[in-house]
């Protein structure tokens, strides 16, 4: 069978610099899925965009051919005129982008933006197009296609927007779909459902699929062919099953080793002395009121946290896991005193020496003392460091605020901290832009450590990083914790990360803790349907363990669809019951 | 429905703002010690013309200038009866100009509408010039089109208006036989509107529009270009290209629509800056707009005249911002649906 798309010796460069993509070749049969795998900077995105010729203005295809074969006719896309290229885009080849939030125009209705493809390529009238689009909307899983047609993008959730993007790409029944990290910005359960949808659609229409991703778990679930890229070159390529089972190239093996997965065996942590709690949250709730904007409509109350009880023993790691909107970040902000809980809730911080501090009710002096003890590491190392401050200034600023030490002492401490996080002391005079993502996150950690705190809140510290770097940062966090007897409150949506670092895991959904247990219990004996869905949705880099979509669908839906024993509604909420020692589940008994 | 409610709400806040502005204007005008009449009385006394003093004293009483400041304000606006009953701004009585010794309404009369006309023409000019040039400069950024339009734009920004006016008058008259100065042929002044008069006004408008509008157009063009370039880098533009849209259609449907917001929001700022900016130009060009009158009134502490002119400029500003706010709501669904549950 003739290949649908053949890429031969493709080289692409920016301006006069060295090419960022060198000599890349692969081919794809009709109906097949090819995964382009690599870390950031590997050239995978540039490669897939070169197929549609939507490269940045200063990027040029130096050499190579991209041949598309449709209905027995072959065309070289690199030499096609711009006019004829437009007929290929969106018609024969369509594309899905990474960020559904920003890839749709906020000022035009979804229906308009999707129908446009048909107006352009099928010359359909508005009403004809509308009919086809509504059918497609139904197919991609919009509960109310009519309403979706009339909606603006900002009225839909991330998952729904990505479905709209998929509908836009599918509505013209293309021969080839290019999906550039289509699920990276989505929650795991949403990711599982969207991947399932793409797969189903592919089977129905027989289109080819190029899937660009950094996630080997996604590859194992989707691909028949794999191309591994690194620094613009193909490291290894071939059929998915043998490649994933026995990677031949050292770089591929390295990727596999770093790939996050929930381990088979999780060592049971030493039980902590129950009495020595560094942080305790008691019945913490947080309600935000959304003003309805008009006098005769009631204000909407959003329960970000509902009756959260958590305890963090000294020297341990407590992880809060949940998807966006679960209330995990609100809980962390309350723990840090950045936000006050609703009346009735209490947060106690117990320093190693001295009196406990009531974080929900601090005086100015107490707040200053508390801030020295509790620090935070943020998610995005690119935006959490000021680009105008040298590393030295960023690191010594906390000491200046708290008036600790002389300038020389501060400088020495900063240099020492850099060594502690695995960087070099001679980097103090640099600006953040001179560092890679992983190095920046090390800087963030160093900054958090400057005041010698005892509690660190880590808000998704690894989710903006490449997998191989992610691994190093987790290692560093573990080392520092053990070396300095730190306690972590660890916020994450990534179960594999949590399985590795946590001593206790609390799963949150809609502001409630639904299940809580040590990781080895939680991951191997989950009781709650939502926990089960989260675990099932986690893509494993193992071709024999595909995502169980049924399990995901059962738990990821609204709490009203859960089995009787776990169901909750606005008025009836089951209590968190100790199911066995150390394993709590929110269910009716 | 929703839009109507917003427009009404916006109108109500505008009236409220106008009220506050009127108080501020009145206060500021009265900040310097004395008023037109007390100055005049002092002057008359010094030169021994007692007959004049009696008239001035009469006017002082007639216009309630002998009362406390807050009462004067209430009477001026029309919330409180003056010596002749209720008769203030809100009743259509704009007061008496002491300097010109005529009612304010009579002095301002025609020049009010000419001011509106000149400035609307200038605003229209700004938009008509800035929109195509800005889009072109962004779409062909870093080519000779971009550089040329930027050069002309900066030239427009940097040339003093009155200089531009003189140059245009000279060459306009020499090559196109355009009239010099004024807003109409002197023989039409004070005459009822006829088609000849309208034509005369139109011909006289050309140079002033150009002079007042150039710098605004240059600034607006650069702003539109920058906005549009920002938008062109956004992912939704890529989506549109990947759909197979032609560059022109893509540009006008998506990024231009987004870049339009600040463009529309500028209407509010544009009006007042043009009115105040055109005062000097009006003096130089001899336009019968409200500008020169305002200048004289402020210099001589002619408080009712200057108060009214300032109120009028404030009204223009507020109407401008209201129009741009309502237009924005119409244009941008994100603003329209704010607070609507999803």
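Note that Cβ sites are derived from N, Cα and C of the backbone, with glycine treated the same way.
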Segment assigned the feature transmembrane segment in TrEMBL (from B:151-171, B:172-192, B:235-255): B:151-171
Folded-back contacts onto the transmembrane segment (B:151-171), same chain, C-beta under 8 angstroms, at least six residues removed: 133, 178, 180-181, 207-208, 210-212, 214-215, 217-219, 221-222, 277, 280-281, 284-285
Other parts of the chain folded back onto the transmembrane segment (B:198-219), taken as Cβ under 8 Å at six or more residues beyond its ends: 114, 117-119, 121-123, 125-126, 129-130, 133, 152-157, 159, 161, 164-165, 168-169, 172, 178-179, 182-185, 188, 270, 273-274, 277-278, 281-282, 285, 287
Residues of the parent chain within Cβ reach of the transmembrane segment (B:263-287), under 8 Å, 6 or more residues beyond its termini: 114-115, 118-119, 122-123, 126, 131, 161-162, 165-166, 169, 181-183, 207-208, 211-213, 215-216, 220, 223-224, 227, 294-295, 313, 316-317, 319-325, 327-328, 331
